[in-house]
Amino acid sequence: MKLSMASSPHNHSQKNLSRLMLTVIAACIPGIIAQCYFFGFGVIVQLMLALITASLSEAFMLSVRKRPVWPALSDGSAWLTAVLLAISIPPLAPWWIVVIGTVFAIVMVKQLYGGLGFNLFNPAMAAYVLLLVSFPVQMTSWTPVSSLLAQPLNLMDQASLIFFEYSANHTDLIGALTSVDGTTMATPLDTVKTAVSQNLTVDEAMMGKQFSAYAGIGWMWVNLAFLVGGLFLLKTKVINWHIPVAMLATLAFCSAIGFILAPGSHAGSLFHLLSGATMLGAFFIATDPVSASTTNRGRLIYGACIGLLVYLIRNYGGYPDAVAFAVLIMNMAVPLIDHYTQPRTYGHGAAK
Amino acid sequence: MDSLLEQIERGTLWQFPGGVHPPQQKSLSNQQPIARLPLPDKLVLPLKQHIGANGQLLVNVGDKVLKGQALTKPTANWSLPVHAPTSGEVIEIKPMPSAHPSALPELSIVMTPDGNDTWCELSPVSDLNKLDHKTLIDLLHNAGIAGMGGAGFPTYVKADSHQPIEFLVVNGVECEPYITADDLLMREHAQEIVQGIEVMQQLLKPQRVLIGIEDNKPEAIAAMKRASAHNTAILVRAIPTKYPSGGEKQLIRVLTSKEVPSTGIPADIGVLVQNVGTLFAISEAIYKGKPLIERVVSVTGNTIGKPQNVWALIGTEIKHLLDCQGFTPVLEQRVVMGGPMMGFTLPTVRIPVIKTTNCILAPDNQELAEPGDEKACIRCSACADACPQSLLPQQLQWFAKSKDYDKLEAYNLFDCIECGACSYVCPSEIPLVQYYRVAKAEIREQKLDQIKAERAKERFEARKERLEREQQERQNRHKRSTSRSAKPDAEKAKVADALARVKQKQGDKSAVQAAIERAKAKKAADGSLEPDNSEVALERALRKEQARLYKEQKTSEDAPLAENAKEDSGKKDAVTAAIARAKAKKAAQQGEQENGQPQPQASEPETKKSDDDPRKAAVAAAIARAKAKKAAQQGEQENEQPQPPASEPETKKSDDDPRKAAVAAAIARAKAKKAAQQGEQENEQPQQPASESETPTSDDDDPRKAAVAAAIARAKAKKAAKQAEQENEQPQTSTSESETQKPDDDDPRKAAVAAAIARAKAKKAAKQAEQENEQPQQEQSVQDAGSTDATPQTPEQKRQAAIKAAVAKAKAKKQAKEQEGNDPS
Amino acid sequence: MTLFYALIALGSLALIFGLILGYAAVKYRVESNPIVDQVDAILPQTQCGQCGYPGCRPYAEAIANGDEINKCPPGGEATVKKLADLMGVEAKPLAGGEEAEPVKTVAYIREDECIGCTKCIQACPVDAIVGATRQMHTVIDDECTGCDLCVEPCPVDCIDMLPVEQTKQTWKWQLDAIAIKQID
């Protein structure tokens, strides 16, 4: 009889990497559904494109790096990146946008840094920023909420817009989207920003059709859907509470101060919390373990700084939304934060 | 704010960070009472089952022993005795695979039970109060009790704590899944455990005794509460079930809110922790007089037919336990000693139960899945959240992988208790603990290496300095001519040094500090001589070449070999030979015989050689001149400064001069004659073709010479073997005698045979020589010629000490070798 | 003329700053650990001379003066790596193609064969061999650095270099290296 040798511990929590990643992807589903509902099925097409591109580029890079392909691919991290990127970009962006973004995320940001666990930056956000900087028109042409469109686009129309940049009846993207009025292709955040810069008050800006009580139509629900997904992640202990709570609390706090001091030029807390990529960023992006801080105190600082940066950039920066920039900037600060937030080891100093 | 004591009285519990909740699996083995097993066929008792040193063997192979009889006797350094678990016969004492993750062999007593199970005479104690502290401690010591929770720390050491103990913590937590040994022990023997606690109370006088039991053992808690009801100082605390709350540090934190300092022990904060098993053993030892010969072991896991707790005699092989409980192995079977979190897999089931064995776990591959492949770390910090020591396992892992040992220590790797919680939760299935263990072992080894390197450096420098000093002294003595009036102080210091060094060699192994200090002091005393490198280089080269030269001389008279050697090492040889000669000259002038290069006739060829080769001689002359010039500056006679021909008589003088040597030789000869009369004739032995005429003569001369001759023969054989390939190219010089060419022409095999014969001869001769201890020659027998003329007694003492040390060492070594059964030779 | 003034001004400035710098260099000199000591601390102190220098210290000095860092077989790759870090040069493979991980050895004298010639005692750089003329010699294991220097001088070849035996204390958790035994 042969006895096999192993090192302790001999049992395991049964949590594993791919299950973790798939749980996160699953938690995105409510948000995706909400996006589909409000902005059409373009996001599904984008998702498919991103997933295929991510799998291919990951497999390619792994084989180039002479690593076993399937074990690394099956951990699901590349798919998660693809999903996050796909739901961040405008649903009707041309197909090459998402393809370029995904390839960049996987090849440059992830694999060239050494693969999973070694990337300094959040791949999805790095790719998002690359696209935003390189293709500002396509990246800011967000689809108006379907209900506002004069002629709602069906799945075929959307797919054809994505792939050929023309719908079946030969209207181009801009044409298809501007069918309401000149400004609807902007997101609520963009609208408010533009309005404020034109010396209108926030209230006046929010009189527009695309706004509901608290935030943009649809956007509010998309954000709430991501919040649900995030709470699910917290419940299943896939993510820790520190980062989202710190980030949302800071954002709410800052916007509350701004609102109290200058209600005319500053939107309220709820508007900020329920606009743009706030919830997606708080629960799905900033909590990416690889590029976030690893100590609990560090996570609080990391989350709070992201919240602050988001607020500052939204209000005073050149871009309407800021989650991607804030996350990337804080990614760079992670080693520093980690270094200064090491927990006190048992038996060292303090409590006696 | 309440005082800590009040809070504890009120039942406050504290939290430790992290921790995990692995599936308990305790009901598997805690349903049946503790079973008694039939006697095994054999028992294997490792001498060392605890932290500390081995005891000293009291029995021999073949001895009949009674149950409870001590088999070893404790000596120093936390050693504990082991006792015969049953009556029987000692059949073997040899290294056997040990109950350690490495299973490296450990010296063990193997015995077969006779089946009678006859107790030796026991002396139970009826009244605890009659015993004083010392007697009680001795009782615990002689009962061989070591911590039975896992670490195996000798209990008598803990019980003899000199620090005041505020809280005695009784560990009945048993947080590892599967294990129920302490649980069952508490259920069935709460009374005895409380008795053991009371013994400890008398020894340590703690304010309170806190019994910590996880709340998943309600029966045990109830039993302990009942048994301790009469003693108000004992508080039973049910603590929340969380792994690893049974860790010493964690339990102290939970029960008292205190933290053991990083490198300290619990006694530093007035806490002492004892396992319930240990306390039971204490009560048995005191009230029944029984030494620690058995313990409760959980035999559990899905492949065990009847998982339950058993009383296992210490030394019972695991195989016996498994067989008794019905074991049906699966493919890739693992047998774990200890629990699933911290236990280690056994390479064989022929490993004995020892004092710290609390569980034998034989799981199938469903209940405890085989570990999957290690994946990339995603820095999720689940490990940090689980770590009960608040470490950053994930960071440690990166550093361990990159072997960044400084960083590892900076991140407190050595505070890791290896509980395995981090590996348990890791989604990437990284064997974190394994990385830490390896890194810890590496760091420990590196530290040892560093200490050793430091010591080697000190010794090397001390030696260097000594050699320099000796040289200087020789020169100084020269100046002061032969009158040995005033002995220089430096000499005395040197002797003292030598003595200290010998002492150091003999015993004081750990006194690195002392060595460093001494070296420092020495340096200071010498006015901090900056070590001169060229000097050392010369010294070393000299030493080496002297050795080579010696060999050359031996190999000898035959020029071809010398020639060959010369060609091998070229000019350098010649140079150093010259240096050596100059050195010898100097030594000779002091009327001193250097043992390293003995035998008057041996140096003859050396001079001849210098004649042989003018080039060599010239170089030698140059070097000698350089050397002499230096000497001249120090006031040495320039007359000796040599023209090549001049060096020849000088060298001869060195051979002829020393009267002492002559006397010694004479005595030796006389001795040899006597030896010859005793019928020790080497002449009868067949002379191998390789040996020259010199060999027989020396054989006749005396046994010492025989040894030397043999050595020469051997050395020659060695050379011959080396040259076997180049033989043919070897230039034959005309001056060589035909006879001496033989070793080269003959095949190396013959030479080897010759060497073997010579060796045998040498051995015999050496033995004989050793018996003649009173021989006056011994006066010369000091490692270095320089110190011969020191006070006569001091080198004598030193030498004797050295010899004693050597003999002791040799004995020890031989013994060790015998134990391993691979005697060299 | 302007040129002249400029030259004077610059020259005097240079002089003043030079003086200040020189003064500061002397006054605030930091007593750093000389590089030789740092190198020496990395070397394994076997004093084996395999580097071609008579001892570790001389080699440390040679390294400080620009010698190759890969001449220390007892230290192995680890030492080369550390030296490379310290000296800021590329790590090289060991000279002479030695194996990367040197096996630690200690000298062992086959005492039956020892003739008591003291050759090895003289060769030992750390005084780790004890014995006297015509008395059997023995090696103090704990002090032996495994430098091999005593092997060559022995006229009767009775010194073996034995690998240091592994004990539980030095075991490094090589789980796959445990001999898995067949049992009945």
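Note: Cβ is positioned from N, Cα and C throughout, glycine not excepted.
Feature annotations, courtesy of TrEMBL:
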type	residues	note
DOMAIN	B:367-397	domain '4Fe-4S ferredoxin-type'
BINDING	B:CYS377, B:CYS380, B:CYS383, B:CYS426	[4Fe-4S] cluster 1 binding site
BINDING	B:CYS387, B:CYS416, B:CYS419, B:CYS422	[4Fe-4S] cluster 2 binding site
DOMAIN	B:407-436	domain '4Fe-4S ferredoxin-type'
COMPBIAS	B:462-475	compositional bias 'Basic and acidic residues'
COMPBIAS	B:486-495	compositional bias 'Basic and acidic residues'
COMPBIAS	B:537-557	compositional bias 'Basic and acidic residues'
COMPBIAS	B:564-574	compositional bias 'Basic and acidic residues'
COMPBIAS	B:575-601	compositional bias 'Low complexity'
COMPBIAS	B:649-660	compositional bias 'Basic and acidic residues'
COMPBIAS	B:661-696	compositional bias 'Low complexity'
COMPBIAS	B:729-738	compositional bias 'Polar residues'
COMPBIAS	B:739-750	compositional bias 'Basic and acidic residues'
COMPBIAS	B:774-785	compositional bias 'Low complexity'
COMPBIAS	B:786-795	compositional bias 'Polar residues'
COMPBIAS	B:815-825	compositional bias 'Basic and acidic residues'
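Structure with TrEMBL features highlighted.
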residue: B:CYS377; record: [4Fe-4S] cluster 1 binding site; Cβ within 10 Å: 24
residue: B:CYS380; record: [4Fe-4S] cluster 1 binding site; Cβ within 10 Å: 26
residue: B:CYS383; record: [4Fe-4S] cluster 1 binding site; Cβ within 10 Å: 28
residue: B:CYS387; record: [4Fe-4S] cluster 2 binding site; Cβ within 10 Å: 29
residue: B:CYS416; record: [4Fe-4S] cluster 2 binding site; Cβ within 10 Å: 22
residue: B:CYS419; record: [4Fe-4S] cluster 2 binding site; Cβ within 10 Å: 27
residue: B:CYS422; record: [4Fe-4S] cluster 2 binding site; Cβ within 10 Å: 33
residue: B:CYS426; record: [4Fe-4S] cluster 1 binding site; Cβ within 10 Å: 28
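Among the binding-site residues B:CYS383, B:CYS387, B:CYS416, B:CYS422, none has a Cβ under 8 Å from a Cβ of chain A. In terms of DSSP secondary structure, the compositional bias 'Basic and acidic residues' (B:462-475) contains 14 helix, 0 strand, 0 coil. Under the DSSP three-state reduction, B:CYS383 ([4Fe-4S] cluster 1 binding site) is assigned to helix. Mean predicted confidence for the domain '4Fe-4S ferredoxin-type' (B:367-397): the pLDDT average there is 89. Taking the C-alpha positions, the distance from B:CYS387 ([4Fe-4S] cluster 2 binding site) to B:CYS426 ([4Fe-4S] cluster 1 binding site) comes to 11 Å.
Of the recorded residues, B:CYS426 ([4Fe-4S] cluster 1 binding site) and B:CYS419 ([4Fe-4S] cluster 2 binding site) place their C-alpha atoms 13 Å from one another. Same-chain residues with CB within 8 A of the center of the B:CYS377, B:CYS380, B:CYS383, B:CYS426 CB atoms, the [4Fe-4S] cluster 1 site residues themselves not counted, are B:ILE378, B:ARG379, B:SER381, B:ALA382, B:PRO393, B:GLN394, B:GLN397, B:CYS422, B:VAL425, B:PRO427, B:SER428, B:ILE430, B:LEU432. Cα proximity to B:CYS422 ([4Fe-4S] cluster 2 binding site) (within 10 Å) is found for the following binding-site residues from B:CYS377, B:CYS380, B:CYS383: B:CYS383. Sorting each residue of the domain '4Fe-4S ferredoxin-type' (B:407-436) by its DSSP state yields 17 helix, 0 strand, 13 coil. Excluding B:CYS387, B:CYS416, B:CYS419, B:CYS422, which define the [4Fe-4S] cluster 2 site, the same chain contributes B:GLY18, B:CYS383, B:ALA386, B:PRO388, B:GLN389, B:LEU391, B:PRO393, B:ILE417, B:GLU418, B:GLY420, B:ALA421, B:LEU432, B:VAL433, B:TYR436 within 8 Å (Cβ to the Cβ centroid), listed in sequence order. Between B:CYS377 ([4Fe-4S] cluster 1 binding site) and B:CYS416 ([4Fe-4S] cluster 2 binding site), the C-alpha separation comes to 19 Å.
B:CYS380 ([4Fe-4S] cluster 1 binding site) sits 19 Å from B:CYS416 ([4Fe-4S] cluster 2 binding site), taking the Cα positions as reference. For the pair B:CYS416 ([4Fe-4S] cluster 2 binding site) and B:CYS383 ([4Fe-4S] cluster 1 binding site), the Cα-Cα distance reads 12 Å. Taking only the Cα positions, the spacing between B:CYS383 ([4Fe-4S] cluster 1 binding site) and B:CYS419 ([4Fe-4S] cluster 2 binding site) is 12 angstrom.
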